[in-house]
Amino acid sequence: MAAEWGGGVGYSGSGPGRSRWRWSGSVWVRSVLLLLGGLRASATSTPVSLGSSPPCRHHVPSDTEVINKVHLKANHVVKRDVDEHLRIKTVYDKSVEELLPEKKNLVKNKLFPQAISYLEKTFQVRRPAGTILLSRQCATNQYLRKENDPHRYCTGECAAHTKCGPVIVPEEHLQQCRVYRGGKWPHGAVGVPDQEGISDADFVLYVGALATERCSHENIISYAAYCQQEANMDRPIAGYANLCPNMISTQPQEFVGMLSTVKHEVIHALGFSAGLFAFYHDKDGNPLTSRFADGLPPFNYSLGLYQWSDKVVRKVERLWDVRDNKIVRHTVYLLVTPRVVEEARKHFDCPVLEGMELENQGGVGTELNHWEKRLLENEAMTGSHTQNRVLSRITLALMEDTGRQMLSPYCDTLRSNPLQLTCRQDQRAVAVCNLQKFPKPLPQEYQYFDELSGIPAEDLPYYGGSVEIADYCPFSQEFSWHLSGEYQRSSDCRILENQPEIFKNYGAEKYGPHSVCLIQKSAFVMEKCERKLSYPDWGSGCYQVSCSPQGLKVWVQDTSYLCSRAGQVLPVSIQMNGWIHDGNLLCPSCWDFCELCPPETDPPATNLTRALPLDLCSCSSSLVVTLWLLLGNLFPLLAGFLLCIWH
């Protein structure tokens, strides 16, 4: 499968637009058809140019530009795999702030938010448990390391500024300067102590708009790379993306191309780089390339990068058919990591294929850093943009083989009673994971799970998705409600007729053309007098959303709730049909549904104390006592008044 790379980017208006995802069955286009119809013939023909953008020359950063073995606070990498989405913290350089207003708005409020949102949803990581605090560069690029000390010590002085590519790293993201000035250890830290760092992030991306030498000599929109790697798994934790200011276009027709370019470049920084091949790990966390005592692989000075082993990249010779019925030898480099081999064999239906071929043309930066264009044409990580870039399973496999980014191709929540509801991938319908237990073990090739929560290991072969033609791969699936065998409604949020009955609408949901599926953080509760009701099937629901200059708004009844950032918890408390509905919703990304969104911020503090008017059906004991006391005090007065009249 291939995920749409450039389209489906966000929509204006009060409701959601089309899905951000589209799937196609092929990674490349086999032919080009020029369809000419409905046009008046002219005396002259219109020339058609079939070309490609200039090749991507990914600059593998030099040894002096990258800091390895960066010590992070706490145990930054958890050894077990946890299904959590990649979190990228975007930090904009002052050069972005100095762009023309329309370019600045495009970069900060549309281009990078959409690209980052896409990548965060696509990749998962081993969850970190600490704060990213980057190492300082040294003034002379010379440093020492002490045994059993995770820090590095600059010989002489630390650099006045630490850079990530061309972008200066903010001081608050840096560790304290540590120096060695000769003599005996210990030598200590000097200057400003450790700063705050970056919490709740797996990767920090510094975005600049600097007119660098590369911008003046190469016809490029942007370029990106990594700059610091953590000590445990050699994972890039910081990188940069620089936009050439003169190449930033605000023309709507050029946005899709720029968006696909930014995604392509950020993937280079995350792991698809020849400079990182030697740092790939296997599924157990072991390096695929042997290391020296200092923890680093051998350095290849002729290539200017760390030398990978043949467990990652292998050189092979092909027999090459050319003209005059001749066969020549053709040397290629194959990426041979396990998941890449598996996906390449599936894609080309070739069970003996050794790996996926890397590009061998285009010069330094294009060669070895991309897939072979001849084989994967418009795949996202080929070396030039020709048409409609798509991200294939082969690139996803490579990112998983880095040992850091992982993919979760299926859901793992058992379908049971009560149901644990979720959202369909496009967030347009309530869904349920169709994972179930079968009466007999599934065929070996369809047994996907090494573990499932609450399921004994000996029972795992019995579990898979309910749809056989999907290879028993469980996925979140739309469903319908039935009563006594009769169809009632479906879970598609956009269909008004799916609106639940008033007294069954526990979550205060609203179905209609402007509604989307939102995750419920907690089960909704209906309260009235001393009665409390909740529905056992919960986890998601349909709610109306709208776009505003302030951001995405979620509507429950006639009350709007502003989403300041994705993942924000919205405490909901509304009155509907004489009942109080209480619950919590999770905010989606504004970019999932809106064309323009403001920068994400922390929500303002709110007073969550509920002030409700008195309900006529109230069963408050204090109110009952008060009424009886009032009647008791009035009775003697009334009796005296009647006696006076009698006499």
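Counting begins at 1 with the first residue displayed.
Using N, Cα and C of the backbone, Cβ positions are placed for all residues, glycine too.
Keep in mind that what you see is a predicted model, and the values were worked out from it rather than measured.
His370 is the residue from His173, His330, His347, His370 that Swiss-Prot records in the Zn(2+) site together with His264, His268. Listed in chain order, the extra residues whose Cβ falls within 8 Å of the Cβ center of the Zn(2+) site residues His264, His268, His370 are Cys56, His58, Glu265, Ile267, Phe272, Asn369, Ala380, Met381, Gly383. Between Glu265 (active site) and His370 (Zn(2+) binding site), the C-alpha separation comes to 11 Å.
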